[in-house]
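Chemist: Residues or ranges marked as domain 'ATP-grasp' by Swiss-Prot on the basis of sequence analysis: 141-347. Taken from Swiss-Prot, the feature ATP binding site applies to 174-229. Among the features that Swiss-Prot reports, Mg(2+) 1 binding site is placed at Asp301, Glu314, with the record citing sequence analysis. For Glu314, Asn316, the entry in Swiss-Prot reads Mg(2+) 2 binding site, with the evidence type sequence analysis. Sequence annotations record features per position, and here Swiss-Prot assigns region 'Disordered' to 374-396.
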Amino acid sequence: MVHVTLLYGGRSAEHDVSVRSARFVARTLCLQHTVMLIGITRRGVWYAQPACALEQLCTGTVALSIQEDEKRRVCLVPGGGTAGAFVIAGMPCVTDVVFPVLHGSYGEDGTVQGLLEMLQVPYVGCGVCASALAMDKVKAKMLWQAAGLPVLPFVFFRKDAWRMHMQEFVAQLETRLGYPLFVKPAQAGSSVGASAVQTRAPLIPAIEAAFQWDEVVLVERYVRAREIECALSGNGPYTVHGAGEVIAQGAFYDYEEKYADASVARVLVTAPLETAQYEQITTLALRAYEALGLTGLARVDFFLLETGEVYVNEVNTMPGFTSISLFPQICQAAGVAPQDLMAQLLSCARERFAARAALSTDLHAHVCAPSVTAAHDPDAQGDDWDQRDSNPLPTA
């Protein structure tokens, strides 16, 4: 039995989605493990939830919420490790693994991951760098391009540059991409702040709306395409559990269609694909996962055009676990039951933590061999001894 600390809520536009995902994860984990719930408010304050909240959740008598009891406000101890990183009411709480069921900003973007690294506790999901890269759609697309993966043509700009050169950017978008266009914040999930535009008139308002959610906006060519989602897990070797499909009723799969109770979007746990298409998409999913250095789990999304062209769209490092989320359904269809999936994710977290803990961090604790020392001696190599920045990016 593992002591799991489950984080949910968060200071994010996807707060409510996180709560719904956490409900599924908590109910699954509590069947085999000890679970401590920590709810994070929209203001970013952490509160440990009473044991009765978990009991009621697991028996299905109440929905998950966040009780803000100041006596149960969480204190964090950097370096506290599994025995003392989390302190509640003056008492340290044992935590074998943290499961951050957090979506979007301050959850999937490397911020919480960095905090958990400083606490020195294992956690489910990707590390700091991989989380940050995956959350930043611009950086992810650049890395995928460098790795030779297909992505839709795109343009991006910062808010300050947009303010100074608005008309130039509009002209650039019309020349390089052409209408219709798809506008979205570089760092936001669940289609928050995203919109499709057909002409110039709504373009500027769409960009301004996207800037409400991030300092960088990404604009790409809008395509009518099938939306294919692949579920992956592992630290290496990686597993592609399958490919599902989302059939949106609107211009695109927006927040309401993803999470509204009255959503009319259809999801197919097994996408109807030809064998060659399935192999192509799952191979690209593995390469996209590897290119960003992902670990634990992720959902990689694709566009499949009528012409047969396939484009990597984006990646989600903490996929939804709501009642309509494809990730757990794809895994279950592949023969991985929810309890087994949770066991795999906890195992990956502890495995990755052990591997990182084995790395050296103290230069003085090691005696380097003379040949190694000379190879890294600036005086021995001259002023330009460090050539790492000039090395080309590896291609998959």
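Quick reminder: no glycine exception, Cβ is built from N, Cα and C everywhere.
Looking at the shown structure, can you explain where the listed features end up?
Modeler: DSSP gives Ala209 (ATP binding site) a helix state. Taking Cβ-Cβ distances under 8 Å and a sequence gap of 6 or more within the same chain, the neighbours of Ala209 (ATP binding site) are Val183, Gly193, Ser195.
The secondary structure of Glu314 (Mg(2+) 1 binding site), as reduced to three states from DSSP, is extended strand. The number of other Cβ atoms within 10 Å of the Cβ belonging to Glu314 (Mg(2+) 1 binding site), over all protein chains shown, comes to 19.
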Chemist: What's the CA-CA gap between Glu314 (Mg(2+) 1 binding site) and Val216 (ATP binding site) in angstrom, rounded?
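Modeler: Approximately 16 Å lies between the Cα of Glu314 (Mg(2+) 1 binding site) and that of Val216 (ATP binding site).
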Chemist: Using DSSP and three states only, what is Pro202 (ATP binding site)?
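Modeler: Pro202 (ATP binding site) sits in coil per DSSP, no helix or strand.
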Chemist: About how far apart, in whole Å, are the alpha carbons (Cα) of Glu174 (ATP binding site) and Asn316 (Mg(2+) 2 binding site)?
Modeler: 29
Chemist: State the mean pLDDT for the domain 'ATP-grasp' (141-347).
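Modeler: Residues in the domain 'ATP-grasp' (141-347) carry a mean pLDDT of 92 in this prediction.
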Chemist: Within 10 Å of each Cβ, count the other Cβ atoms and name the one among the binding-site residues Glu174, Asp301 with the highest count.
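Modeler: Ranked by Cβ atoms within 10 Å, first place goes to Asp301.
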Chemist: Which of the listed binding-site residues (Leu181, Val216, Val223) has the least company, meaning the fewest other Cβ atoms within 10 Å of its Cβ?
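Modeler: It is Val223 that, of the binding-site residues Leu181, Val216, Val223, has the fewest other Cβ atoms within 10 Å.
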Chemist: So how many other Cβ atoms are close to Ser195 (ATP binding site), meaning within 10 Å of its Cβ?
Modeler: 20
